[in-house]
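*Asks:* Here it is, the structure, as structure tokens.
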Amino acid sequence: MSASFPHRHLTGIYGLQPHEILFLLDEAEQWIALNRATSKHDDRLAGLTLINAFFENSTRTLLSFEIAGKRLGADVVNMQVGASSVKKGETLIDTAMTLNAMRADMIVIRHQSSGAVQLIADKVDCPVLNAGDGRHEHPTQALLDALTIRRRKGRIAGLVVAICGDILHSRVARSNILALTTLGAEVRVVAPPTLMPAAIERMGAVPFHDFDAGLDGADVVMMLRLQNERMDGAYLPSPREFHALYGLTPERLERAAPDALVMHPGPMNRGVEITSSVADHPSRSAITEQVEMGVAVRMACLDVLTRRRRGVEGWA
């Protein structure tokens with residue numbers, strides 16, 4: 001740990017200072033060129049074991065962390081929960097103790113329950129990185145989104161960012177609100193009343209139920225999918241009606257700033273929260289760039305969180 005980033009784990013954006021977030025973004029910048037080069041290998045994590053323990057289905061995030069670990073030279077092990085003791089009734093604490101006994105040097109965790117990552121982090125001896133826990137947080141997604149915005153816009157402070165869609169069930173929304181407001185952006189959240197968390201203003205976001213009003217003059221428009229797997233009731237009449245009221249179309253995008261950036265954490269539901277013509281726009285869409293920045297951000301986080309274990313000077 002050092003003054004630049006004095007945290008042992010990265011379980012969320014909450015509690016991070018502006019300079020700590022900016023430090024991680026700056027660290028990520030150095031990996032972008034490597035990832036675009038023909039040879040993409042760095043061996044600074046050689047000999048270290050990274051366990052990706054995903055208790056919830058994932059393709060994109062798991063692949064991104066696996067690529068990040070391997071490009072840094074780590075031995076990467078992906079834990080398949082379907083074949084694990086968790087399916088046989090093992091408690092989360094037992095799983096944490098088992099992982100700890102395997103002497104991993106870093107554990108990346110995704111779990112369907114909010115707070116599960118922190119519980120495991122409290123029980124293990126190595127750094128833990130949150131890859132998404134329930135509705136709580138998804139810190140590396142917020143970091144890669146902030147990096148994408150900074151690279152495309154040149155800054156974050158003073159920008160108006162509209163986060164639109166299923167805010168209620170979105171850990172991405174929560175982490176982005178925390179990161180972007182901490183870095184000086186004005187964050188709007190746009191959703192129907194049934195998909196808007198209560199007292200969202202306490203997080204520093206400005207709520208809108210009217211999609212058009214929320215888009216007015218926005219510098220960045222971030223769309224979120226409907227998380228049907230987290231819905232246990234009738235939150236909206238139908239995907240078709242949601243699209244009619246809250247789908248981002250070329251016409252609606254005209255209400256935002258002329259050079260507004262379009263973002264989406266994926267996976268997208270084309271024709272529901274966003275049309276293909278907007279998602280694939282050659283100059284305004286940054287969706288594929290977000291994926292690219294994700295690998296760089298995760299490489300930076302793996303590097304930073306293991307510096308103490310590797311004996312890097314200044315990281316006692």
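Any Cβ shown, glycine's included, is placed from N, Cα and C.
As listed in Swiss-Prot for this protein:
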BINDING   Arg60, Thr61, Arg110, His138, Gln141, Gly266, Pro267  carbamoyl phosphate binding site
BINDING   Lys88, Arg171, Arg225  L-aspartate binding site
*Asks:* Looking only at Arg60, His138, Arg171, Arg225, which of these binding-site residues has the biggest number of Cβ atoms within 10 Å around its Cβ?
*Replies:* His138
*Asks:* Taking the Cβ of each of the binding-site residues and counting other Cβ atoms inside 10 Å, which one has the highest number: Thr61, Gln141?
*Replies:* Gln141
*Asks:* Neighbours of the carbamoyl phosphate site Arg60, Thr61, Arg110, His138, Gln141, Gly266, Pro267: Cβ within 8 Å of the Cβ centroid, same chain, sequence order.
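*Replies:* Checked against the 8 Å cutoff, the neighbours are Ser58, Ser64, Ala131, Gly132, Val172, Pro265.
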*Asks:* Just checking a number: largest C-alpha distance across Arg60, Thr61, Arg110, His138, Gln141, Gly266, Pro267 for the carbamoyl phosphate site, rounded to a whole Å.
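*Replies:* The widest Cα-Cα gap among those binding residues is 16 Å.
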*Asks:* Quick one: of Gly266, Pro267, which of the binding-site residues has the smallest count of other CB atoms within 10 A?
*Replies:* Pro267
*Asks:* Near Arg110 (carbamoyl phosphate binding site), which residues of its chain come within a Cβ-Cβ distance under 8 Å, counting only those 6 or more away in sequence?
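*Replies:* Long-range Cβ contacts: Ala53, Phe54, Phe55, Glu56, Ser58, Thr61, Leu62, Asn130, Ala131, Gly132, Asp133.
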*Asks:* Go through the binding-site residues Arg60, Gly266, Pro267 and tell me which ones have a CA within 10 A of the CA of Arg171 (L-aspartate binding site).
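*Replies:* Candidates kept after distance check: none.
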*Asks:* Taking Cα atoms as reference points, which of the binding-site residues Arg60, Gln141, Pro267 is nearest to Arg225 (L-aspartate binding site)?
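*Replies:* Nearest in space to Arg225 (L-aspartate binding site), counting only the binding-site residues, is Pro267.
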